[in-house]
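Working notes, beginning with the structure itself.
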Amino acid sequence: FHLSHKVTRVVPESALLIVLGLFLGGIVWAADHIASFALTPTVFFFYLLPPIVLDAGYFMPNRLFFGNLGSILLYAVIGTVWNAATTGLSLYGVYRTGIMGHLNSGLLDFLLFGSLIAAVDPVAVLAVFEEVHVNEVLFIIVFGESLLNDAVTVVLYNVFESFVTIGPENVTGIECVKGIVSFFVVSLGGTLVGIFFAFLLSLVRRFTKHVRIIEPGFVFIISYLSYLTAEMLSLSAILAITFCGICCQKYVKANISEQSSTTVRYTMKMMASGAETIIFMFLGISAVNPEIWTWNTAFILLTLVFISVYRVIGVVLQTWILNHYRMVQLEIIDQVVMSYGGLRGAVAFALVVLLDVDKVKEKNLFVSTTIIVVFFTVIFQGLTIKPLVQWLKVKKTEHREPKLNEKLHGRAFDHILSAIEDISGQIGHNYLRDKWSNFDRKFLSKVLMRRSAQKSRDQILNVFHELNLKDAI
């Protein structure tokens, strides 16, 4: 795939891998008549997902991410709850009309299915959007939403699964309040675990100057520990490892040597790329198993219609609210790409496979529908998003290092904007960023960075050193 750019320019790698998985699964099935391989939730959540999420968090453009955090959180939290509730309730409403025939499911089963099918997959989004090169703001909103949306989906899924377990007749108002509280506890708890391990990792890296050879190992071990600790405490493991990567990157990069930094970068990219390849291939292979297939045309088609329609409505409504508060408005074209970028993937599949067939009688129908949804969004939407972006003339990103002049003007504007916010009494994100930078410079950096790293952080000295180095070369 990597050698043939003509193919990957048209067909996303994720779609090619799914087709290859179907082909390999077909060969195995023809030979044995047994589905030997399947993507199990344990393998997915404990071995394949962590390296991908860590890679996304560690290489996250922090300034862009935190600058758009309000928008990302609105789409990830409110958008996910909206998609899950509307899809589940609409499917249940249509089922009550009798179009779908007889299904052994109640309202809670439909809401549980709605919660897992609302999982926008960061792996699929990243695989497609990195090839499309849309502008930074659009990319960070879609990618940030898909990353945090996963964590929200898993929490929602666990809430509805506990409701299904105790039975519809036992779901009282108190249980609903408990569910809402647990939603916030799990999400915020996972984030705090991630931040704690990020600081622990940064602190450990301060003292590895004389043992350079084991420096890269700490990044992977402590980050993975954050994931396992959050999982052990029944908190959001995805949020834990995401924020561990986001919060540690600045201090880790400052403390470690150039060789260790290169090792970390390439190892992380290799592990994430390998995990992505395995996930998409196994999605194809897992589908070649007649035992999991239960067909219901009305249910499958309506699921595809509802997830598409409600995503568009959700994006339009939320963007209309956001544009009243955003300096950089999200245009109609951006909203089309965001609505179209809701690719479903392995997270939804792993969650639906986790369902207990004794509690959810229609598990096989839910599994079959999820596979169809994943294949449709990754293959069809993945294939058509690039032509759509080109046709709509969406603003593309420019990959280049900003010039010294641009850096100086950018820094000056930051100070001017935070000063204006301070004078006018407005606490905006420029003011908050300025206060955080001061706190970081006075306290955090002194604790988490080596002396040598603190000195080398002076931007003007850095530029002077780079110019001298270029002259010498």
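Placed from the backbone N, Cα and C atoms, the Cβ positions cover glycine too.
Keep in mind it's a predicted model, so treat the numbers as computed, not measured.
Taken verbatim from TrEMBL:
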DOMAIN    5-391  domain 'Cation/H+ exchanger transmembrane'
TRANSMEM  12-31  transmembrane segment
TRANSMEM  37-60  transmembrane segment
TRANSMEM  72-95  transmembrane segment
TRANSMEM  107-129  transmembrane segment
TRANSMEM  136-160  transmembrane segment
TRANSMEM  180-204  transmembrane segment
TRANSMEM  273-293  transmembrane segment
TRANSMEM  299-320  transmembrane segment
TRANSMEM  332-353  transmembrane segment
TRANSMEM  365-385  transmembrane segment
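When the stretches 12-31, 107-129, 180-204, 299-320, 365-385 are ranked by Cβ pairs under 8 Å to the transmembrane segment (37-60), first place goes to 107-129. Through the fold, the transmembrane segment (107-129) approaches residues 12-14, 52-53, 56, 80, 83-89, 91-92, 95, 139, 142-143, 145-147, 149-150, 153-154, 156-157, 159-161, 163-164, 168, 171, 276, 279-280, 303, 307, 341-348, 351-352, 355, 360-362, 366, 369-370, 373, 377-378, 381-382, 385 of its own chain, all at least 6 residues removed from its boundaries and within a Cβ separation under 8 Å. Beyond its flanks by at least six residues, the transmembrane segment (136-160) meets 53, 56-57, 61, 64-65, 68-69, 71-73, 75-77, 79-81, 84, 108, 111-112, 115-116, 118-122, 125-126, 129, 179, 182-183, 186-187, 190, 236, 238-239, 242, 328, 330, 334, 337-338, 341, 343, 347-348, 351, 394-395, 397 of its own chain at Cβ-Cβ distances under 8 Å.
Residues 14, 38-41, 44-45, 48-49, 75, 113, 116-117, 119-121, 123-125, 128-129, 134, 138, 141-142, 146, 150, 153-154, 157, 279-280, 283, 286, 307-308, 311-312, 315-316, 319, 363, 366-367, 370-371, 373-374, 377-378, 381-382, 385, 388-389, 392-394 of the same chain lie 6+ residues outside the transmembrane segment (332-353) yet bring a C-beta within less than 8 angstroms of a C-beta in it. Counted over residue pairs 6 or more apart, the CB atoms of the transmembrane segment (365-385) and the transmembrane segment (180-204) come under 8 Å in fewer than three pairs, which marks the two as apart.
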